[in-house]
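Copied over from TrEMBL, here are the features:
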type: ACT_SITE; residues: GLU1248; note: active site, proton acceptor
type: BINDING; residues: CYS61; note: [2Fe-2S] cluster 1 binding site
type: BINDING; residues: CYS101, CYS104, CYS136, CYS138; note: [2Fe-2S] cluster 2 binding site
type: BINDING; residues: VAL248, VAL249, VAL250, GLY251, ASN252, THR253, ARG254, LEU255, ASP347, ARG409; note: FAD binding site
type: BINDING; residues: GLN754, PHE785, ARG899, GLY1066; note: Mo-molybdopterin binding site
type: BINDING; residues: PHE901; note: substrate binding site
type: DOMAIN; residues: 220-401; note: domain 'FAD-binding PCMH-type'
Amino acid sequence: MLKCILLEEEKLNCCVIERQADPEELLLYYLRKERILLFELCCLTPQFSFTPQRHHPANSCLLPICSLHGAAVTTVEGVGSLKNRINPIQERLAKCHGSQCGFCTPGMVMSMYALLRNHVKPSMEQIISALDGNLCRCTGYRPIIDSYASFAKEQTCCQLRGTGQCCLDQEELGCSSSAGIRSGLCNPAEFLPVDPTQEFIFPPELMRMAQEQQRKTLIFCSKRTTWISPSTLKELLELKAKYPKAPVVVGNTRLNKNDCDDYHPVILHPLRIPEMQVFSITDDVVGAACCLAQLRDILMETIPKLPEEKTKIYQALLQQLRTLAGEQIRSMASLGGHIVSRGSAWDLNPILSAGKSVLNLASDGGKRQIFLNDQFLAGHKHADIEPKEVIVSVLIPYSTKDEFISAFRQADRQKNAFSVVNAGLRVLFSPGTDTIVDLSILYGGIGSTTLSARKSCEKLIGRQWNDQMLSEACKLVLEEISLPPSASGGKVEYRRTLLVSFLFRFYLEVLHGLHQMYPFRYAELSQDKMSALGVLQSGVPQGVQVYQVRFDVDPGQSPQDPVGRPIMHQSGIKHTTGEAVYIDDIRPVDGELSLAVVTSVKAHAKIKSIDISEALQVPGVINVITAKDVPGKNGNDEEEAFAKDKVICVGQIICAVVAETLTQAKCGAKKVKIVYEDLQPVLTIKDAIKHNSYITKERKLEKGDIEKGFKSADKIIEGELHMGGQEHFYLETNSVLVIPRMEDKEMDVYVSTQHATDVQKLVASALNLQSNKIMCHTKRVGGAFGGKITKPSFFAVIAAVAANKTGRPVRFALERDMDMLITGGRHPFFGKYKVGFMKDGRIMAADFQCYINGGCTKDESELVIEYIVLKVDNAYNIPNLRVRGHACKTNLPSNTAFRGFGFPQAGLFVETCIVAVATKTGLPHEKVREINMYRGVNRTAFKEKFDAENLWKCWKECLVKSDYHSRNTKVEEFNRKNYWKKKGIAIIPMKFSVGFNATYFHQAGALVHIYLDGSVLVTHGGIELGQGIHTKMLQIASRELKIPLSYIHFCETSSTTVPNGKYTAGSVGTEINARAVQDACQILWKRLDPIRRNNPKGKWEDWISEAHKKSISLSATGYFKGYVTDMNWKTKKGHAFPYFLYGAACSEVEIDCLTGAHKNIRTDIVMDASFSINPAIDIGQIEGAFIQGVGLYTLEEIYFSPEGEQLTLSPDTYKIPAVCDIPEQFHVYLLPNSCNSIAIYSSKGVGEAGFFLGSSVFFAIRDAVAAARKERGLPLDFTLNSPLTVERIRMACDDIFTKMVTVFPFLL
């Protein structure tokens, strides 16, 4: 019988007794099954804390429920809810605008809650560390950090003020000539006070139970697994002798839970054994069950208490623990588990081995000790643990005076990422000398486990610590630690370069240490060499937000009018309490089935047969759905819902299994047997060009006389740029719930989509029904970014066909890996350029060829390549221009819309050309940009007229706000003094076109009801994706009807209330639906005119009551026909976009030339948002888009196998930006005194524009790399492809160590 206390909504202090606890069941699925939680639980975002003696944030998808016996489990509703009370953590996060889509928000709350329960006044370092394991795709993290900074023991009022200045400084940031300039988006004076006494205590009932059951063995059994938790070491050893194959589980971070055929008959849980929890300073012993977060905290407390010479290994361990995994994993994973699992990328094992740590083992036969050395890590039988043994504790010896120990790691992301390579190095000298007595060099990330350069070390014994020794050591290590060209994980040359780069850094660290110990005997390092010491660590991020307030400029605006104010997101509080409902939060419907899909494992093949017989034998499986079960049309003209005769990519859906539970459906899916006949696949842009494989015809634009332009140029250059794709990585994966109604074949479809109309259309077509029988509902979407425009319709078809066949409701929620496998992302790009220019930097002619990888179907690829062709000029007026665009057809999943819609690729391409011109002319990059920028009233290559005045205002304002010229001088000075670390700075202008190139894409509808009590219900065709569309609609309705926001409510987006809505995208979703809402409200306001004239001093409620009595309709439909746009590709002319938005960004970075790591020091963004309807939402959109852009350009890399299978299918292998990746100083300024006569209230759509400005980080890194190459005498006309990962940065900083790797090609 499992017993714990659950602290959550409506069941506070509820004692949970589970009499049939399943050892294989994880807390996530238990809570889902019991429907205890009302919000999405996800392994990416920890949603609770559990409390034995202290609070531990944890991932519910990793915790077996049996491990929680005697624990107090706190869910986010237990922290606070609208039904009870709001916790200050939740309130501050909402009021500081720290949520957008809200899907990640409960996890942010729980991470902070656990921290504050353990540390009432944490440091900012602790706060940042607490958020290491949390991911957010929307906000850019800045508002989250700002809100939690208010809990720090350091003074934070200035940070929350949002000016970047001391609160005692009277000078405001902003334009002195502009009225109404404000800074900061929240008011700390409004925050609820923190009162720790109001939090839950550890339940006395559990304390009593712990005392009573202290000596009892806990046993939980299911049909195939037994969970045993012994209370003594003796009992554990007896059990291990009886069940030698039984895993010993503490944090459960390594057991495979995804395979229904893979299980352990017995699992041993030793958490209650005192000997395995011990930590003794005097004995240097740490219990094997000690969690990594506890070890970190112990080391932080212990190190200052001991002599420095004793703590060198402790300091190295602490350095690794600060970046290892996220706080949720560190809080659950144990030291013993980390050691015994022996993962190649495990950061602690190399340093523990180098430090001569000893494992204290025990079995029923006795105790023994073994060294944690390279032979143990390699699994050599004579040095390994016997099946009947367990690790009780680890002896980590003190270091000595003449001993030096260092740890190194480099990962794709600074924190919460597996190491590409890690290392532990130790040297022991003869006392008072630099003669090597003992040497250990170990590397992880190279082989299947940690490797030792044992032979190299032996050869170096007796040598002195000098440059000659280093040279020989590098050669020996490269010879001994081999890595074949086809090594798993790739990056072969980079990984080998890190071997010697780490060795060099260790060499210098030791020399520096020797100088500090014996300053008269050993010389101080030169400044060049000193620059190689230390790793880049990001500081505490701080933000500045400056905007112009509408009501300060317009004295006629009512104080009650919310337009122009930084109003909190309509669902902000619900996001933080977990009460915001997403698709998979909808409670189970009677008779509901779960669905799992079977996908193709071939990129291109004929389907010879599908055998479902074994799947139908799996208990709980109800049926298998194939293309034959579709009553109507199987998809649309371009794509099938179920593959029928042929598959055209890996991940294409072939059939679906429906069962009583998701586990049963997944097991059934594994039993489906498909026979293929292989066909030749086309996978890359290069392959597509070779085979003339294109989705659409070439798109082409020409301006001026290109041949004449090239003839007039002083110089001509040619080059190429490759850009990788990008995963949307929305936090809520694709989800749909289909519920058949009892009559008329009606169906309710609850779906996470950006395009409900397309869902309705495709489902109706598949079921051979009219659209009026299909009711689509979307309350909110947990992130989309363009990725939920087309694919959700096909997922809805699959679920609807299953529901139609079984007659029962069907739930289909994709797991992360399956979502990433099936859906495409941003289009990979390949561009070729030829540019003619003058000596002063003026570009006279440019010929661009642009290619994108569209994948296997058309999807949005035609539009994307059109937009690339139309937008490739960015901010530059190239008098003679030719652009040709091609969408390639390949056998990869169809790539689709993504934030920016082609412009992030086009913009990076043209900026690469600008840099190439600047490099050839020797001119400053900003000068070449300026001389080529559009000026005044001008026309695009497709003859659309626009005024570039605000482009120049943004540019000049950004130069001033960023203090660009002064900082550029400081960057140059820094680079002169530092050989191994370089800084770079770049400023980038932007001309961004908003909207679509066809009028009908801009139409929108709305429906507004006024009820007899005066309350108002607003509905419209737009969908809440995190961009705050509903919040702005309420602001607009409040202004137009002149009533408080509290009177107005939005329910959901539904095809039953507003039909035929266009997809919410293109940055215009808010403004076109706002026009429709405005139209409906103005109709209603006009209807009330006679009532108001008769009773001008009456209340709103009186007017409504009287109107009803006068039979005046209190319901109105609003409609917006759309902006008039068109693009004629035959004439190459058109008014393609409603309007343009301008901006500029300046970013400064620092790179580590030895590893390729970089940190973002500062970013200043100036954006022409005109008059913002909601500055908090708009600035949040700008910041979030910018960080997403930083991900595209510097972090996020998708890998495919040679067979066309995507290999990056999880947060382990695909890295989006985290808290550690945002600029230390993040400043956003909205350009004042700007107007836009086209959009509602003179606003502009800023949802996408900030994305491209992330390229300022890319070009700042390039600037730093160029500085390194210049100092090394390398060519400066080099090309850096995107993303600019640690590998690309390191290998571009070519030096003696990269050359060492190429010297030994036979070793690769």
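Quick reminder: no glycine exception, Cβ is built from N, Cα and C everywhere.
Distribution of TrEMBL features across the structure.
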{"residue": "CYS136", "record": "[2Fe-2S] cluster 2 binding site", "Cβ contacts under 8 Å, 6 or more apart": "CYS104, MET108, ILE144, LEU731"}
{"residue": "CYS138", "record": "[2Fe-2S] cluster 2 binding site", "Cβ contacts under 8 Å, 6 or more apart": "SER99, GLN100, CYS101, CYS104, GLY783, GLY1026, GLY1180, GLY1184"}
{"residue": "VAL248", "record": "FAD binding site", "Cβ contacts under 8 Å, 6 or more apart": "LEU236, LYS240, LEU268, HIS269, PRO270, GLY336, GLY337, VAL390"}
{"residue": "VAL250", "record": "FAD binding site", "Cβ contacts under 8 Å, 6 or more apart": "HIS269, PRO270, LEU271, ALA289, CYS291, MET332, ALA333, SER334, GLY336, GLY337"}
{"residue": "ASN252", "record": "FAD binding site", "Cβ contacts under 8 Å, 6 or more apart": "LEU62, LEU63, PRO64, SER67, MET332"}
{"residue": "ARG254", "record": "FAD binding site", "Cβ contacts under 8 Å, 6 or more apart": "GLY337, SER341"}
{"residue": "ARG899", "record": "Mo-molybdopterin binding site", "Cβ contacts under 8 Å, 6 or more apart": "PHE785, GLY786, ALA1185, GLN1188, GLY1247, GLU1248, PHE1251"}
{"residue": "PHE901", "record": "substrate binding site", "Cβ contacts under 8 Å, 6 or more apart": "GLY786, GLU860, LEU863, VAL864, TYR867, ALA1065, GLY1066, GLU1248"}
The one of CYS61, CYS101, CYS104 whose CB sees the fewest other CB atoms within 10 Å, among these binding-site residues: CYS61
All-chain count of other Cβ atoms within 10 Å of ASP347 (FAD binding site): 27
Listed in sequence order, residues not in GLN754, PHE785, ARG899, GLY1066 with Cβ within 8 Å of the centre of the Mo-molybdopterin site Cβ atoms: ALA784, GLY786, GLY787, ILE789, ALA897, PHE898, PHE901, LEU1025, THR1064, ALA1065, GLY1247, GLU1248
Between the residue listed as '[2Fe-2S] cluster 1 binding site' and ASP347 (FAD binding site), the C-alpha gap once rounded to whole angstrom: 23
Euclidean distance between Cα atoms of ASP347 (FAD binding site) and GLN754 (Mo-molybdopterin binding site), Å: 42
Neighbour tally for GLN754 (Mo-molybdopterin binding site), based on other Cβ positions within 10 Å of its Cβ: 25
Segment confidence, the domain 'FAD-binding PCMH-type' (220-401), expressed as mean pLDDT: 91
Mo-molybdopterin binding residues GLN754, PHE785, ARG899, GLY1066: largest Cα-Cα distance, in Å and rounded to whole number: 13
Neighbour tally for PHE785 (Mo-molybdopterin binding site), based on other Cβ positions within 10 Å of its Cβ: 30
Residues flanking the [2Fe-2S] cluster 2 site, with Cβ no more than 8 Å from the Cβ centroid of CYS101, CYS104, CYS136, CYS138 and excluding those residues themselves: SER99, GLN100, GLY102, PHE103, THR105, ARG137, THR139, LEU731, GLY782, GLY783, GLY1026, GLY1184
